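Here is the structure we will look at, set down as structure tokens.
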């Protein structure tokens, strides 16, 4: 997910590019002082419209944070799967070909795909949110318009723009398989597939699982948290990306909230206030995994095509609930929050009760159950149970079984 840009998937965005939004309308998700960096730079170097003013500070911070990268921030897919429940740091998968991640269309697979291929698969007239990197605002373009822009030589582009919210799980002409570990750990899939008596055919699940991102050289996405503290998988088809990621320590989260609610947020470089940053550079073919709650900023040194998505996990329920609270404190509007989040948490409660009654052995921390009950007890949390008379009965049963 910041006043000027959209939220999620390692880079801020809205949930669905084809939501009904008036064409060419600029919009943000918090009301703040609007600052157009290109306008501020007008009259200076004409090239300034092609560089976000924070890039120099980003590069300095990136070099500093390289020293915090450790050997275990690169591991095989097999090792990652074995250690998944204990991993709380970002890392690269050293053998992405063994992950199960694959995207293909027109007899081409991930590394050979182009923006033209994506446009053909999704449709020329499909609308996408296009972010102006300087103003950090969005406009609605057709995919054909975007494709034409992307393919122009750099000197012919009028501004630096970014597409980071094209959800493609519905696209029939695009075979898109997530990493196997993501399919196994996705909490939405777990509860939708296993809670008894759910009408899953008439009850669509949240669509935040499969995205296509397209960034031109010098695109920049300012500091943000992915919505609801979701974890992220991020597969670079071609190009280059630079990330700086900071752990969700109490101090970092406090500074993030202060920055997010500042009237002049756009002019402040948050990296100067955060600690423990890790710098990661991604190249074509890399598969990157971001855990729950990491604050991060992204720079694009080369034109890039990325496939990735967000997912909730049972492992991170407590952290995810903390980030949901941060979203409330910083005034994130519903459009930029995880869809049906309360429904997912409610179904998680039912799933836990169901498993315990059936004698299924699960390692469940009391902290997780307490945090879940506390969140669900709130009168602001709306959920109608499927297998209980009401929410109160469900939570009492959950407490009796686990606490």
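Just so you know, the numbers here start at 1 and follow the chain as drawn.
Yeah, the Cβs are placed from backbone N, Cα and C, and that goes for glycine too.
The Fe cation site recorded in Swiss-Prot comprises 224, 226 together with one of 170, 296, namely 296. When secondary structure is read from DSSP and collapsed to three states, residue 296 (Fe cation binding site) falls in the strand class. When the binding-site residues 224, 226, 296 are compared by Cα distance to residue 241 (substrate binding site), the shortest distance belongs to 296. The predicted model assigns the domain 'JmjC' (141-328) a mean pLDDT of 95.
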